[in-house]
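Written out below as structure tokens is the structure these notes cover.
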Amino acid sequence: MKMVSSYVMQDDQLFPMLTVFETFMFAAEVRLPPSISRDEKKKRVHELLDKLGLQSATHTYIGDEGRRGVSGGERRRVSIGIEIIHKPSLLFLDEPTSGLDSTSAYSVVEKIKDIAQGGSIVLMTIHQPSFRIQMLLDKITVLARGRLIYMGRPDALHTHLSGFGRPVPDGENSIEYLLDVITEYDQATVGLDPLVQYQHDGHKPDPAAMTPVPKPPGTPYRRNTPASKHMISLRSQGFTAGTPQPDSAQFGLDDEEDDDENFDNSLERRSVKTTRNIVTSGVYPRLASQFYQDFSAKDFSVWLYNGVVGTPRRHPSWTPARTPAWTPGKTPLSGPRSFISNQHSASYQDHYYLQKSHSAVSQSMDYSATSYAPSYEEFEIEEVLDEQDLGPKYANPWLREVAVLSWRTVLNVIRTPELFASREIVLTVMALVLSTIFNNLGDTTFKDINRLLNFYIFAVCLVFFSSNDAVPSFINERFIFIRETSHNAYRASSYVISSLIVYLPFFAVQGLTFAVITKLMLHLKSDLFNFWMILFSSLVTTNAYVMLVSALVPSYITGYAVVIATTALFFLTCGFFLKRTQIPFYWKWLHYISAIKYPFEGLLINEFKNDRGCYTGNKADLSPGPLGDVKPSKHHNASLPLNCLLGEDVLSTMDITMESLWYDILILLAWGILYRFFFYLVLRFYSKNERK
């Protein structure tokens, strides 16, 4: 189903800094296979622009609240266009006219009508359509509180309401008038039962029973009414494998057993005559059958059934609980996956269904009266025949997805320079400010040691807090990712890797800028390359952590709160304020998961390791700082003056026992990889959950 269908969300989730043409080209690159040349993809994009009436907006940015772009109707048509670039067989739209004026709404539905006439089956929800839009629709289904009020052609609504005794007044919109009638009955003591019953069996209720009487104030809505069993469910009641029998329980709604039997029978419905003659019992709704008969030429029922449940030897990607009446252990999973492919001949299909129909219907009847919860194991037990192959799950290989996503990310970064330019400016300005405040840290006094410690811890915290701007940027992209991956446009791993590849050069430039300025102006003894690598690793890790938090929180306000709180906690337990030995044992684990601990220790090792110089001065100068009582290291010997402090003595006093700063760098990068892995798992959960 995911491979042959598309879904247009109610909200337009698009990148604001891409043009209409670039948006369509990106959709073509990820939704069409590489066997189609780039020229052919461009040709299809231009055809789509003509079809949707977007020629004048070809090179216009999508835009958002802060940037001027295309109009609301054009943006909605762009959302539809990116979902039909690969010509899906089935298109779902969630309120495509919401938020549009009447002219734009009509234009959108008119384009949707053209898509339907082009061969796709289109199903959409719409609230209170105008008369012009109403006349564009082939079939409508009106629901109230989940119950079926009307199903049929829009132009037949006048006749339906007249038969009910509520003819549409002259000059009134029939759908708007029906909504008024629904509201009138819903707020009356009789409820919706007369409307539901009339749609159900075509019999007009007793005039006394159908006369709406206003409810007393505070009366709750009645649900347990005799007609409540006619509420719409997800189970198919519109077609069956048998012949129509209007005289026996016209709608199969007398009890739950009939519902289940009818649903299982409908799954085996075929357009060939041999199959229809097999089963001699079933139900045939008067109006629902008319709705589904229009799809008989395309054999919609078999295509839908095989497309969803015909997945061999793997867990279903949809939620079994949504079809409680279907018995997957009894209904055969075999058969061709889709009528679109021609790999299996029609005679083979007919022969298979001819043999399976008797057992399928009889088995489903045995289990129809029980409440059944499908399980994955039953999919493994059922015999599965060879099925038609719809091709690979994704249209493009992994490397091509990474390349295309990287190209799109680069365009967005270039056209939103404030995203990284702001961080570059902050790090540059703060490097100059710190250099002028701390002045010179190259002296060999005890006071300089404390000043060095203060500088390094502030530098690390600055790097970590500077990545908080990634919270709102990813939250905005999250909904676009969910929309694009819900129908296998690309893999979640491709998105994670492509974003990292694009951001790495920016992190390298930002870290190098800060390291060069502070190294030269403060006369640090640290190695410049190691200093840069520590800052670069810190930027990579903190970016991964911020993106992980952004993927978990519902809004950027919550994301800011979580990032700041956890970063402050890492700051507290990194070893600057409290050394490892001073942290209570029940909180000591925070010291080892602190992402600030490792770059801070790496910077101190880079500054003091192998430094045989002697820091001298009054040891009282150390008391207000984090060092406190100096603890001589193994390199300190009796030949040194009492007021001499080696670099190893500083590390020993800070409880830093690492022999190599690259150990800290590798641990820091390992945390970054772990954060990105969890980020990838969250994205996979989002994409899979959206497909359901």
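Glycine is treated like the rest: Cβ placed from N, Cα and C.
Feature annotation from TrEMBL assigns domain 'ABC transporter' to 6-98.
The region 'Disordered' feature in TrEMBL is assigned to 201-226 (among others).
Summarising the annotation, TrEMBL assigns compositional bias 'Polar residues' to 238-248.
Sequence annotations record features per position, and here TrEMBL assigns region 'Disordered' to 238-268 (among others).
If you look up TrEMBL, you'll see 253-263 marked as compositional bias 'Acidic residues'.
Among the features that TrEMBL reports, domain 'ABC-2 type transporter transmembrane' is placed at 401-608.
Here the transmembrane segment (425-441) has long-range neighbours at 448, 451-452, 454-455, 458-459, 462-463, 466, 510, 513-514, 517-518, 521-524, meaning same-chain residues at least 6 beyond its ends whose C-beta is under 8 angstroms from one of its own. Here TrEMBL flags 425-441 (among others) as transmembrane segment.
The transmembrane segment feature in TrEMBL is assigned to 453-475 (among others).
The transmembrane segment feature in TrEMBL is assigned to 495-517 (among others).
Residues or ranges marked as transmembrane segment in TrEMBL: 529-553 (among others).
What TrEMBL records for 559-578 (among others) is transmembrane segment.
Sequence annotations record features per position, and here TrEMBL assigns transmembrane segment to 661-683 (among others). Counting only same-chain residues 6+ beyond the ends of the transmembrane segment (661-683), those with a CB under 8 A from a CB of the stretch are 481, 485, 492-493, 495-496, 500, 530, 533-534, 537-538, 540-541, 543-545, 547-548, 551-552, 593, 595, 598-599, 601-602, 605-606, 609.
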Message: Can you give me the average pLDDT across the domain 'ABC transporter' (6-98), rounded to a whole number?
response: 89
Task: For the domain 'ABC transporter' (6-98), jot down how many residues DSSP puts in helix, in strand and in coil.
output: 42 helix, 12 strand, 39 coil
Message: Give the nonlocal contacts of the transmembrane segment (529-553) in its own chain as ranges (CB under 8 Å, at least six residues past its ends).
response: 459-460, 463-464, 467-468, 470-471, 474-475, 478, 499-500, 503-504, 507-508, 510-512, 514-516, 519, 559, 562-563, 566, 595, 599, 602-603, 606, 661, 664-665, 668-669, 671-673, 675-676, 678-679, 682-683, 686
